[in-house]
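What TrEMBL annotates here:
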DOMAIN    45-134  domain 'Ig-like'
DOMAIN    147-245  domain 'Fibronectin type-III'
DOMAIN    250-347  domain 'Fibronectin type-III'
DOMAIN    352-446  domain 'Fibronectin type-III'
DOMAIN    448-541  domain 'Fibronectin type-III'
């Protein structure tokens, strides 16, 4: 059990407590001797227990691995965790791993929300100053299947495609079934397709996609499912196009539309490219007068067409027709839509409006009113008013429309003091009716451009007496019909108005404060230019007089000033 090795070392096997003590090693030769003393302490061996020993879990579950150490009480222990022989980095594992040390002689490893990548050999290593021991346990993680292998399109017809694939990883839960999905330029992402067989079991590696649309580009992919769930899809197959076929989908919502007299307008919803089934797609429009036998057919070669107009001068307005619309392509003729009855156009209005009147309202507005003769055919959907200046041609007329049965319209934004000519005509979807006889109206002259001048005022408490010189309009301006006095408290936006036909007025200022007062002339062309603002303080008692300095009141004649003062202040000491 105890051996001196050739190089002088001492080996002790199966050490026990009795081997503890001080050991002396002495070396001797002809020149002398040397020695060294070593002290040996014998400790209890460290043993560990890692539980559980073998674990099978499902993706998303959690587990706690417990590592307990039996060791010499005089030694400290340190725990280390490994996965497949590599130390676990708790900072970089996204919160899935947590080391928990509840006692000095044990440590736990918490694994939360387990993923497939967490499967493997978990090791617990315990190290003391005297020895190092370790143990391992196996963690198996069950999850949804991995993506199947490459999808190969083996055979194509006009409505089917035969596919094959290789199975992916089952992730410790047998694959129970496969699902085929397809994508085309017309689908909203990937869609499950019908297959033969209807259910594709987990041991199959091929199936046929059916009920596809002819002449459409498709991609396919396969998804596997087991008891745990559905896995990620395979990579898409190459893009393939199904074969051409005779179209099977007729147009929808065949109906009539408004048109001109003697026209039959047939409309429909175009067939989507997804259902055209091949090249050379077009429409066959068939129609016949209601109650007759033979169909008249017309070809429409544009796949995007949504309307066909048949014109025949012999067709009276609102004649009923039976109509159907079919489809065709290079492979042949497809089905027709159900027969519907539609009528030929009633035509545009035939009567002009009567009693047209134009009334000038202001410098920029003319009111136009009219009456319309009711018609059994060519019923109007509204009216159009054309207007142009006296020196212009009718072809340059501006136009404005009304809707429905309105019988008047207010034209705005016109030039002042200008003669306008006006006509009215009815319209509908088929076109325009004849215009009325032209009527005439002149806009009002512009309001006076001169503002009231030489404004003077005198205040008696809350009453302000105002006076000003009359406004004399220019030759091309409207005559003065009166005046407006506008006043508002400073800081307010809305003004109060006093109207008068005189060149004076008395204003009551109801509240204490500063008031802004303006005066302007009134004419049939509108309000004239306002005078410069004057600011008047309102308070009780006392008398204040003032003349607006910029108007040079003192330069006016004494007679006119005296007259003004007499009007404003019958008995006042200046």
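Positions of Cβ are set from backbone N, Cα and C atoms, glycine also.
Across the range of the domain 'Fibronectin type-III' (147-245), the DSSP-based residue counts are 0 helix, 41 strand, 58 coil. For the domain 'Fibronectin type-III' (448-541), the DSSP counts in helix, strand and coil order read 0 helix, 54 strand, 40 coil. Mean pLDDT across the domain 'Ig-like' (45-134) comes to 90 in this model.
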